[in-house]
Amino acid sequence: MKQSTYKGQYGTILVIGGSDMYTGAPIFVTKAAFRSGAEMVYVMVPSNDYATKIIKEVHEAIVTDLLFDLKILKKINACVIGPGLGRMTENTLSTILKIVEFFDKNNIWTVLDADIIHYYKKGIFNNFSKIILTPNHNENINLVVKSHHFCLLKGKADILFMGNKQIKSLLVQNQCIKRCCGLGDMLCGIIAAHLCFSEETIEKTIEKASIIAKKAAYSGFVKKYYGIKVTDIIEEIPQFLGKN
């Protein structure tokens, strides 16, 4: 890193998510992003009460209300939307669409996960180009991915698609047997961090993030066995950065 670089230049991420019911998801995204090399993470939440919970859990994060703030948005290198959001109000959804439109026009990738995929199915993201979806099995039901969007279908072997065309099946030999809550959130954080500084193709960037997530999960499982939690796995991430 050059002496002339400044804080956040090599990875500033925006996470939009969380609600009073689903408290953990954006916290896991944020922690994973930091452990994957992100320098700054902004978290926008629709609930003021929930914001204090994030601040207590992730002191490094910058937490704000959900709003279209150009001062913040101009700093962002990658965005994650959806973890823990639940069903949204029209005002919340309108603000999110405005933010995604800004990122799309400025060549910034947005990762859509969890609850926001419900709204993707309604076609409201069709005209954007810089979109990556990360559905699980249930979220993938009735999901029609636009031909210009990427989709990483999570499973024992993550499968990468562009539209309905399969690009690659990503199978790692040794796997964590326990399905911990929050693994998908962790994956989003890893993807977002790599989107910030990877110089490879978007396909290769997503592939690397998927493999790191699988390897970290297995490494943690070896140490903690069935007592493992996603926060344990997140701490395993750094040892696999730059190795696959």
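Yeah, the Cβs are placed from backbone N, Cα and C, and that goes for glycine too.
Features reported for this protein in TrEMBL:
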- GLY84, ASN136, HIS137, ASN138, GLU139, ASN140, ILE141, ASN142, ASP185: (6S)-NADPHX binding site (BINDING)
- 154-158, 175-184: ATP binding site (BINDING)
- 1-244: domain 'YjeF C-terminal' (DOMAIN)
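The Cα of ASP185 ((6S)-NADPHX binding site) lies closest to that of LYS154, out of the binding-site residues LYS154, LYS156, ASP158, CYS176, LYS178. Fewest Cβ neighbours within 10 Å among the binding-site residues ASP158, ASP185: that distinction goes to ASP158. Neighbours of GLU139 ((6S)-NADPHX binding site), defined as other CB atoms within 10 A of its CB across all chains, total 23. Within the set of binding-site residues LYS178, CYS180, GLY184, the entry lying nearest in space to GLU139 ((6S)-NADPHX binding site) is GLY184 (CA atoms).
Cα separation, ASP158 (ATP binding site) to GLY84 ((6S)-NADPHX binding site), rounded: 21 Å. Put simply, of the binding-site residues GLY84, HIS137, ILE141, the one whose Cα is nearest the Cα of GLY182 (ATP binding site) is GLY84. For the recorded site, HIS137 ((6S)-NADPHX binding site), the DSSP three-state label reads helix. Of all the binding-site residues given, namely ILE141, CYS176, CYS180, the one with the smallest number of surrounding CB atoms inside 10 A is ILE141.
In the predicted structure, the domain 'YjeF C-terminal' (1-244) carries a mean pLDDT of 93. There are 16 other Cβ atoms within 10 Å of the Cβ belonging to LYS178 (ATP binding site). Each of the binding-site residues GLY84, GLY182, GLY184 was scored by the other Cβ atoms within 10 Å of its Cβ; the lowest score goes to GLY182. Of all the binding-site residues in the list GLY84, HIS137, ILE141, the shortest Cα-Cα distance to LYS178 (ATP binding site) is found for HIS137. Comparing the binding-site residues LYS154, LYS156 by how many other C-beta atoms lie within 10 angstroms of each C-beta, the top residue is LYS154.
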